[in-house]
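**Student:** Okay, here's the structure, questions in a sec.
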Amino acid sequence: MTADLPDFVPDFEKTGGLVPAIAQDAVSGEVLMMAWMNEEAWHRTLTTGEAHYFSRSRGSLWHKGGTSGHTQHIRAVRLDCDSDTILLLVDQIGGAACHKGYKSCFFRELKDGEISVCSPLVFDPEEVYK
């Protein structure tokens with residue numbers, strides 16, 4: 001998955017080196033997660049076909065699913081009109097994008113004044129991240 005389009009590059013300079021990257025299920029359209037990408041994560045994502053992000057807490061590159069096996073295979077990449085937000089259309093391998101074990105990181109919902117879990121729990125994080 002390579003892109004040689006000169007204007008198809010996020011504006012990392014404008015955003016201080018990190019841009020938000022939203023992962024969305026390519027089939028269902030469900031939003032799975034939001035993480036950050038720096039230039040290295042962007043290039044690795046495009047060259048490997050799997051999502052790579054930058055972990056602000058660890059200060060390092062992060063291959064999504066590198067520990068859990070729940071990788072994200074890239075089907076398409078989109079940039080917003082200002083080139084400062086990335087949208088990844090992905091096949092979520094292993095069924096879960098969230099490190100807490102849920103299909104989506106957006107697993108909590110406030111609706112009609114009630115808070116509920118709206119995304120299935122796929123795995124036990126204590127078993128996966130030993």
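Backbone N, Cα and C define each Cβ position, glycine as well.
Heads up, here are the entries from Swiss-Prot:
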| type | residues | note |
| --- | --- | --- |
| BINDING | D80, D82, D84 | Mg(2+) binding site |
| BINDING | C81, C98, C105 | Zn(2+) binding site |
**Student:** Of D82, D84, the binding-site residues given in the record, which has the fewest other CB atoms within 10 A of its CB?
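**Tutor:** Selected from the binding-site residues D82, D84 on minimum Cβ neighbours within 10 Å: D82.
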**Student:** What is the separation, in Å, between the Cα atoms of D82 (Mg(2+) binding site) and C105 (Zn(2+) binding site)?
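**Tutor:** Their Cα atoms are separated by 25 Å.
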**Student:** Name them in sequence order: residues not among D80, D82, D84 whose Cβ is within 8 Å of the mean position of the Cβ atoms defining the Mg(2+) site.
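**Tutor:** Surrounding the site, in chain order, are P10, D11, V19, L79, C81, S83, T85.
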**Student:** Using Cβ atoms only, which residues of the same chain lie under 8 Å from D80 (Mg(2+) binding site) while being at least 6 residues apart in sequence?
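**Tutor:** Once residues fewer than 6 apart are set aside, D80 (Mg(2+) binding site) is near I86, L87.
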**Student:** Would you mind checking how many other C-beta atoms are within 10 angstroms of the C-beta on C105 (Zn(2+) binding site)?
**Tutor:** 18
**Student:** What whole-number Å value do you get for the CA-CA distance of C105 (Zn(2+) binding site) and D84 (Mg(2+) binding site)?
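**Tutor:** Spelling it out, the Cα of C105 (Zn(2+) binding site) and the Cα of D84 (Mg(2+) binding site) are 21 Å apart.
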**Student:** Can you count the other CB atoms that lie within 10 A of the CB of C81 (Zn(2+) binding site)?
**Tutor:** 6
